[in-house]
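Here TrEMBL flags 85-96, 111-120 as compositional bias 'Low complexity'. Per TrEMBL, compositional bias 'Basic and acidic residues' is recorded for 97-110, 121-146, 158-183, 216-225. The feature region 'Disordered' is assigned by TrEMBL to 1-23, 29-48, 85-183, 199-225.
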């Protein structure tokens, strides 16, 4: 699996979890709202029934707090994930630029090698000419060698700088990839937490329904959604 496919798969999983998260919160809010509207005190309520109603009201309030905390955590997590995706895209551009820089460095090294070979040929030719004429013109030879040496040194410095820039771009790309993977792991942890809270809410609903079914027949019935 390529890195692009891995990122796309993580994005699809995050989008699906996001939809499930909002659907679950919406359903829980509707359920608590309906329960709060129908769970009204009655004149014939016993002390146990009144206490049970108070406990259910407290549970609904706690559920509301949990949903608010989860929503804030989810929003922050999505912001972190968006930032990680932006960093990953920037890292991809850095990797492409690093590849271009490496190619340019290779071209510069080839050109520098050609300059060195040309300089070597010039020196050998100068030696041959020096042996063929008297007296040797040392100043002319030194003057001819200087521009080639300076050009070679300048190219070597440019190649060194480009290599350092390419290595730094690769390091930034690896760090961005690690950040994207960490964001995906946070999504999975949030999904597990949502599943646990949903199970707790379901247990509360089941307990309320069981308590309702066990009420005495002469008590006024209560309605829950």
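Placed from the backbone N, Cα and C atoms, the Cβ positions cover glycine too.
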Within the same chain, the residues 6 or more beyond the ends of the compositional bias 'Basic and acidic residues' (97-110) and with Cβ under 8 Å of it are 155, 158-159, 162-163, 165-167, 169-170, 173
DSSP residue counts for the region 'Disordered' (1-23), split into helix, strand and coil:
21 helix, 0 strand, 2 coil
Counting by DSSP, what is the helix, strand and coil composition of the compositional bias 'Low complexity' (111-120)?
10 helix, 0 strand, 0 coil
The correct DSSP tally for the compositional bias 'Low complexity' (85-96) reads 12 helix, 0 strand, 0 coil
